[in-house]
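Trainee: Structure below; questions to follow.
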Amino acid sequence: MPAGGFSSVTPAGVEFEAKITPIVIISCIMAATGGLMFGYDVGVSGGVTSMPDFLKKFFPVVYRKTRNPGIDGNYCKYDNQGLQLFTSSLYLAGLTATFFASYTTRRLGRRLTMLIAGFFFIAGVVLNAAAQDLAMLIFGRILLGCGVGFANQAVPLFLSEIAPTRIRGGLNILFQLNVTIGILFASLVNYGTAKITGGWGWRLSLGLAGIPALLLTVGALLVVDSPNSLIERGRLDEGKAVLRKIRGTDKIEPEFLELVEASRIAKEVKHPFRNLLKRRNRPQLVIAVALQIFQQCTGINAIMFYAPVLFDTLGFGNDAALYSAVITGAVNVLSTVVSIYSVDKVGRRVLLLEAGVQMLISQVIIAIILAFKVKDHSDDLHKGFAILVVVMICTFVSAFAWSWGPLGWLIPSETFPLETRSAGQSVTVCVNLLFTFVIAQAFLSMLCHFKYGIFLFFSGWVVIMSIFTLFLIPETKNIPIEEMTERVWKQHWFWKRFMDDDEVADVTNGDIAKKNGHANGFDPTSEL
């Protein structure tokens, strides 16, 4: 590939010229800071919930149990619905906000939706850092959740639309890379603030979330909206100018015409959510929903939310627990970089399948160690086994970070056609946040009741999702977004039946519509 750029070839043989321009790279990096905010929120909650001063102020019952191990066993000392609500309320709010974000993404554009997310993040950070009671703390988390809903709706779409085809996967994974950097940043901050005397270290941890919040807000002010979004809203000249700017060439007419045609078709759809349920859109919808469920059922967010709590439960001690969380956070970042390098070379399916085997083995080994070495009232985990647990958790995290983490967002964002893309992304985010909420709210209780069996529970899901990938997830690397139907879905051994049947139905309905239109002046498809 030439250093200056590349071209992608459509089935008709038309080349879309596109250089990897600085404005594309800068825009994608700035947009992906939404992932930085999301990751920091994920990582910081587990750290502060293991800090004695934070527990003493907001969760005195949990504080007493951690001070007196005899009250409850190792596995149950953090089992508290209020404590879990502190973490999970963010995701429930994000679930609700994504419905509004779907409207703003479609009507106001990707850029403005990212800006709204930034404002929500800033307001939530201020409330959390200044919290005086549990209600104030939870309300701040709800505002952060609204920011997550808007950011997770707009950022993956923006990245997929602005990136040239051959590096779309890598640039899209910048969002997930920033999530992992945010988690690592939060773990490092928690490790430092936990040592602050005076009882205000947790406020600094929560307050430093303002840094990524400001980065996202400033980034949203600086980036240009995607050509797809501008054309979709009828701003054709501006969309063409932006396309020329981001592609670094004047030969953008074929791609521009394809975007205009896709937008024209999309505008004929009056009810995108209803259209999403049509037969021809079923493959994308099923895969998008399944990916989000499977992503959460790997157990990754349970580990990343509660890493310090989990390590403390296993007998590492508070400092060692936070230190171990930093290690897993660093592994998370490095492994996501591996995904950026490999996703557009080896493809999506290879990464997903390899990771399934790696996650399964690591979780089974962890479960075996805990079954024999960590009892309800054991004082400490032997150093050798403790190291092995950390290694296995890092092995699990690395597999997730170069596969199900980034690809759970990438694949849905690049497979929905334009007419259902915003609605499809909304459903994707909604399902993701719903199951994130469920796992976050239930994990500590599950840990209490399942004990070591919780890792066997998650490993069972890994088997199911790997089988699903093997048979039902097609390869989408290097396929232009607007050509997925012809080159992916109509070629897949199972999903092609939905394309063929729907085409017949469309032709039939079109003929009926024409006849009715001549006879009555009414098009029955106008209400669809």
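Numbers here mean position along the shown chain, with the first residue as 1.
Heads up, the Cβ atoms here are built off N, Cα and C, so glycines get one too.
As annotated by TrEMBL, transmembrane segment applies to 20-40, 82-100, 112-131, 137-159, 171-192, 204-224, 285-309, 321-343, 350-372, 384-405, 426-446, 452-473. Feature annotation from TrEMBL assigns domain 'Major facilitator superfamily (MFS) profile' to 27-477.
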Trainee: Considering only Cβ pairs under 8 Å, which range in 112-131, 171-192, 204-224, 321-343, 452-473 makes the most contacts with the transmembrane segment (20-40)?
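Mentor: It is 171-192 that shares the most Cβ pairs under 8 Å with the transmembrane segment (20-40).
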Trainee: Between 112-131, 137-159, 204-224, 321-343, who has the most Cβ pairs under 8 Å to the transmembrane segment (82-100)?
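Mentor: It is 137-159, which has the most Cβ pairs under 8 Å.
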Trainee: Which sequence-distant residues neighbour the transmembrane segment (426-446)? Criterion: at least 6 residues beyond either end, Cβ under 8 Å.
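Mentor: Here the qualifying positions are 78-81, 83-85, 87-88, 91-92, 94-95, 98-99, 101-102, 105, 148-149, 152-153, 273, 276, 285, 288-289, 291-293, 295-297, 299, 301-302, 305-306, 309, 408-409, 412-413, 454, 457.
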Trainee: Look over the recorded stretches 112-131, 171-192, 204-224, 384-405 and say which has the most C-beta pairs under 8 A to the transmembrane segment (285-309).
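Mentor: Highest pair count goes to 384-405.
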Trainee: Who are the long-range neighbours of the transmembrane segment (112-131) in its own chain, taking Cβ under 8 Å and residues 6 or more past its ends?
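Mentor: Sequence-distant neighbours of the transmembrane segment (112-131): 31, 34, 37, 58, 97, 101, 104-105, 137, 139-151, 153-155, 158, 203-204, 206-207, 209-210, 212-214, 216-221, 223, 225.
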Trainee: Average the per-residue pLDDT over the domain 'Major facilitator superfamily (MFS) profile' (27-477) and send me the rounded value.
Mentor: 85
Trainee: Cβ under 8 Å to the transmembrane segment (171-192), counting only same-chain residues 6 or more beyond its ends: which ones?
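Mentor: Sequence-remote neighbours of the transmembrane segment (171-192) are 24-25, 28-29, 31-44, 46-48, 51, 155-156, 159-160, 162-163, 204-205, 208, 212, 304, 307-308, 322-323, 325-326, 328-330, 332-333, 335-337, 339-340, 343, 401, 405-406, 409-410, 413-414.
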Trainee: Within the same chain, where does the transmembrane segment (204-224) have neighbours whose Cβ lies under 8 angstroms from its own Cβ atoms, ignoring anything closer than 6 residues to its ends? I mean 6 or more beyond.
Mentor: 23, 26-27, 29-31, 33-34, 36-37, 40-41, 44, 47-48, 51, 111-112, 114-115, 117-119, 121-122, 124-126, 128-129, 131, 140, 144, 147, 151, 158, 182, 185-186, 189-190, 193, 196, 242, 245-246
Trainee: In terms of Cβ proximity under 8 Å, which residues at least six beyond the ends of the transmembrane segment (321-343) contact it?
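Mentor: For the transmembrane segment (321-343), the nonlocal Cβ contacts are 43, 46-47, 50, 169-170, 173-174, 176-177, 179-181, 183-184, 186-188, 190-191, 194, 303-304, 307-312, 351, 390, 393-394, 397-403, 405-407, 410, 477.
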Trainee: Six or more residues beyond either end and a Cβ under 8 Å away: which residues meet both conditions relative to the transmembrane segment (137-159)?
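Mentor: Residues 27-28, 31-32, 34-35, 37-38, 41, 58, 85-87, 89-98, 100-102, 104-105, 110-111, 113-114, 116-121, 123-128, 131, 168, 171-172, 174-175, 206, 209, 213, 216, 223, 225-226, 229, 409-410, 412-413, 421-422, 425-426, 429, 432-433.
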